[in-house]
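Novice: Take a look at the following structure, please.
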Amino acid sequence: MPVDPEKLAKLQKAAAKKVGGSRVKAKKVVKTEQDDTKLIEALGKLKATKIENVEEANFFREDGKVLHFNRVGVQGAAASNTFAFTGYPQEKNVTQLIPQILPQLGAENLEILRQLAEQLQAGKAPTELNAGAPAGGDEGIPDLIDGEKFDEVE
């Protein structure tokens, strides 16, 4: 097998020749199995039971986004008012989920839906969904200045 001296010189030059050097540290792997077992033990202490026939779950956030769980596992302990949702959430906009979430919307989210419908009818792209919230919502909250107590602010 013939050896090309140019390629050999190039490879030797590219190879890092270090004697001694620093040790390459292995990255610590965060194991979630331990966290999962702790969670399972905590739910076991609360006597949580698996809730069947839950196909999906949606959590509406204050910023107008929705955490959507397509396949979700739900465990609940009604006595301690504790419920655990397990699965992989996807962050989506309300506009992406409108056909699926109409039956799930409560009274607090109907205002957001109305604003969204108005924006779509006006031909505008949906902007921030909470933009229509009352701007003066903090009228009764006084501004604090450094060194003052909240009771003394007029």
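Including glycine, each Cβ sits where the backbone N, Cα and C put it.
The domain 'NAC-A/B' annotation in Swiss-Prot covers 33-98, and the record cites sequence analysis as its basis. Positions annotated as region 'Disordered' by Swiss-Prot: 125-154.
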Novice: How do the residues of the domain 'NAC-A/B' (33-98) split into helix, strand and coil according to DSSP?
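Specialist: Result for the domain 'NAC-A/B' (33-98), in helix, strand, coil order: 21 helix, 27 strand, 18 coil.
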Novice: Any idea what the model's mean pLDDT is for the domain 'NAC-A/B' (33-98)?
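Specialist: Mean per-residue confidence for the domain 'NAC-A/B' (33-98): 87 out of 100.
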